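For reference, the structure discussed in these notes is given below.
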Amino acid sequence: MRIELVRRAEHSRLMVWASPLLAVAITLVIAVGIFAAMGADPLEALYIFFVEPLTAGWSLQELVVKAIPITLIAIGLSLCYMSNTWNIGAEGQFTAGAILGSLFPIVFPGWTGPLVLPAMLLFGILGGMLYAAIPALLKIRFGANEILTSLMLVYVAQLLLDWIVRGPWRNPDGYGFPESRVFDASAQMPLLVDGGRMHIGLVFVFVAVLVVWFTMGRTLTGFQIRVLGQAPRAGAFAGFSQNRMVLFTFLVSGGLAGLAGIMEVAGPIGQLRPSISPGYGFTAIIVAFLGRLHPVGILIAGFVLALTYLGGEAAQVALGMSDKVMRVFQGLLLFLVLACDTLIYYRVRLVRPVADPLGGAVHGRG
Amino acid sequence: MSGAVEQVRAGEREARVRPDAAPLLEAVGITKIFGALKANDGIDLAIRPGEIHALLGENGAGKSTLVKILYGALQPTAGEIRWNGEPVRIASPAAARRLGIGMVFQHFSLFDALTVAENIALAVPPRESRAALAAEIETVSAEYGLPLNPRSIVADLSVGERQRVEIVRCLLQKPRLIIMDEPTSVLTPQEANDLFSTLDVLVAGGVSVLYISHRLEEVKQICHHATILRHGKVVGECDPQKETAARLASLMVGADIRALSGEHRSLPDAPVRLAVTDLSLPPPHPFAVALDHVGLELRAGEILGIAGVAGNGQDELFGAISGERRSERSDAVTIDGRPCGTRGITARRRLGAAFVPEERLGHGAVPRMRLSENVVLTRHATDGTLRRSGVIDRLSSRGIVDRVTKLFDVRKGTPDPEATALSGGNLQKFVVGREIDRKPGILVVCQPTWGVDAGAAAVIRQALIDLARSGSAILVISQDLDEILELSDRIAVISKGRLSEPRPTAELTREEIGLMMGGVGEGGHAH
């Protein structure tokens, strides 16, 4: 018996939606195995990991707080990936946006008022865009592989952040702790619910979802992205420039990552610290693919991945499990989504060996 | 044996008589069902020893399916194959080779970086030594008139020579039946003649050949017998020497193909619409061809044909004229008197030019996009109705799809399918129709009827002629010499990136063009 993949004439619309669900289901099955191997009661662990975070009001708010940056970054990345450009460095652009956006509350703490926050958000976007422009320009000018350059720039940005909060931007009244001063109230994201942590960043997420949805479905810009991603030669034939598209998608995804970065430090964190993200920029890659590179899918997938963060924390507390378990699930999920996506264009066929009258048993060929 | 080759080559081919013998291979009631499609429906075929048996049919008639079954790559749903009268089951290509069935594919499977001998060594059972194999290759190639140096690197060989490698590789397995899939589609007329001589030697030695081809003239010339397929069924068997090409074609398509209206014209006074002047471009990648001082003038109302063997700069010339690759000099390309050599394809489209590339899928159309989206691909800049402030008007693009569908009889399962769901011929009608629907002033089209069935080819060629009669200028780049001769008012030949001076079709013979295609005679010329 042999398993064969047979190409479908048209792609399967059912599998477009079923593939991520299948991937989540297989991930859960493997999760049971992992929990059992670690000596925990699999059902209890599953409950703590994936259900309990949804049962309390505060943790639902926390889910939104985590989903905001992941989703926003993933929406930007989806444009890159659809155009066949590989920005892996959103974590760095997130950090760059956070640093540049923090310029006002840290360097000019005396400036307060309603204009501070918009200025910070703008500079956050600008920081992410500038940082994303580096790998884009390197690719256009020198043909440098953007996967490598964008990824390596992540570590540069993180070290820059580390140095800046220990050095020039350290809080003068902070007893030497490596942190910036706490942002003024006017430099912080307004909350959606009093006393919670859920902030208006959620609005930006919905705006981004709607804008990208419309852009991809209806406009010539979205059409260019899809054409260049699916058939570069046809894109050139249509008169679309691959280089311009590389720059455009890097700027958009970098800008959204930068916005997510400044909203994170102006929101839940409230100051700059050596570490401001538990890997949101990398998790967003998983979200983009789990969400089918479609804005609505990404919105849903963003909440699913946010749940793994909360579940990971809960399992750490309740079961004493390492937070690396959460990382394992995230990696498994990405792996399985990509594997299941094969089923969109191929179907599985079982082939039985047929007897060859002249030789031994051979497999039928198709 | 090379004497025998010379003899055959020297003499005119005499009338062929089908050998009177029991069949070597017989297919009885072969049926193959794919889902809802009956690709083969009760096909009977008998190939006698020592005959060249033509298998004729349009695209989608079931030829490939039948050949794959005979070569063991597919299993029939029903029916029987007999070899020397004995029922056999051909479970795999390896089993077919063990029986004595060899195949020469349309697309070669050779490693460019290896030598001829190394390529052959990969495919045949191991010999005592490399030297023994090389000697064997030399013997076989001399015996069958297939001159070949075992030590040549394949990358340096011409297309005809590469095909010889494939044939020698096949012959080393001592086949009794050789299946050839469109063997002359990539050859110059001279190379094709050499191939026919080899076939003559083969059948003289008792080997049978199953010969698949679209080209009716050559089938008439070399085949003993023909079986014609349509819609998966055998619709006729005949002696092709006794039939006219028109009769064979009408058997294939099931209707009389209408003759094209329009004769070759000479238009020395018409205004020049497209001019290419002293255009030289380095090769874009190591396997491409450099354009070498190319020049041409294309006048209103005329069709200029560019003949040539594949890989002599056709793609590069198309890219340079379309603007996918820009030139250094603005006046290298002018459209209606306006220089645009340094401008891109969108600017050239806005000047009234339209383009149809050779590759339908991936170049002329995005495979996984709907036809309405593929309309936007080439017309987003020239059709104001297709977009309003950056937003695509889907109604308008669907309207264009409907117009093209009606005008060119594009057959499709749903109103707006993905491009990849269309058959090759229908997609080609769509891709050509999409541009003609614009009524362009200049149309540059590469391989307009490549792999398209006879009916669709006639529709496309007539549309090109009609467009030219309406005052547009058309440049046809094609490897199909029959097509060039049929369509063109003037003909130029491209060889190694150089373009010959265009000459009126009436002044040229097939042989002259063939020699120029091989790079002999009138070479390139500079302005």
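From the backbone N, Cα and C atoms, a Cβ is placed for every residue, glycine too.
Within its own chain, the transmembrane segment (A:21-43) is flanked in space by residues 49-50, 290, 304, 319, 321, 325, 328-329, 332-333, 336-337, 339-340, 343, which lie at least six positions past its ends and keep a Cβ under 8 Å from the stretch. Annotation comment: TrEMBL describes A:21-43 (among others) as transmembrane segment.
Here TrEMBL flags A:63-82 (among others) as transmembrane segment. If one looks beyond the transmembrane segment (A:63-82) by at least 6 residues along the same chain, the residues whose Cβ comes under 8 Å of a Cβ in the stretch are 53-54, 90, 94, 197-199, 201-202, 204-205, 208-209, 212, 216, 225-226, 229, 249-250, 252-257, 259-261, 263-264, 267-268, 277, 280-281, 283-285, 287-289, 291, 293-295, 298-299, 301-303, 305-307, 309-310.
Residues annotated as transmembrane segment in TrEMBL: A:94-111 (among others).
If you look up TrEMBL, you'll see A:117-138 (among others) marked as transmembrane segment. Through the fold, the transmembrane segment (A:117-138) approaches residues 87, 89, 92-94, 96-105, 144, 146, 149-150, 153, 157, 186-189, 246-247, 250-251, 253-259, 261-263, 266 of its own chain, all at least 6 residues removed from its boundaries and within a Cβ separation under 8 Å.
What TrEMBL records for A:147-165 (among others) is transmembrane segment. Through the fold, the transmembrane segment (A:147-165) approaches residues 86-89, 91-93, 95-96, 98-99, 131-132, 134-135, 138-139, 178-180, 272-276, 281 of its own chain, all at least 6 residues removed from its boundaries and within a Cβ separation under 8 Å.
The feature transmembrane segment is assigned by TrEMBL to A:198-216 (among others).
Marked as transmembrane segment by TrEMBL: A:245-263 (among others).
Note on the transmembrane segment (A:283-307): residues 16-17, 20, 23-24, 50, 53-54, 63-64, 66-67, 69-71, 73-75, 77-78, 81-82, 88, 90, 205, 208-210, 212-213, 216, 257, 330, 333-334, 337-338, 341 of its chain, located 6 or more positions outside it, place their CB under 8 angstroms from a CB of the stretch. Positions annotated as transmembrane segment by TrEMBL: A:283-307 (among others).
According to TrEMBL, the transmembrane segment annotation covers A:328-348 (among others). Taking Cβ pairs closer than 8 Å, the transmembrane segment (A:328-348) reaches residues 3-8, 11-12, 15-16, 18-20, 22-24, 26-27, 30-31, 34, 283, 285-286, 289-290, 305, 308, 312 in its own chain, all 6 or more past its ends.
Remote same-chain partners of the transmembrane segment (A:198-216), defined as residues 6 or more beyond its termini with a Cβ less than 8 Å from a stretch Cβ, comprise 61, 64-65, 67-69, 71-72, 75-76, 78-79, 82, 189-192, 222, 225-226, 256, 259-260, 263, 267-268, 294-296, 298-299, 302.
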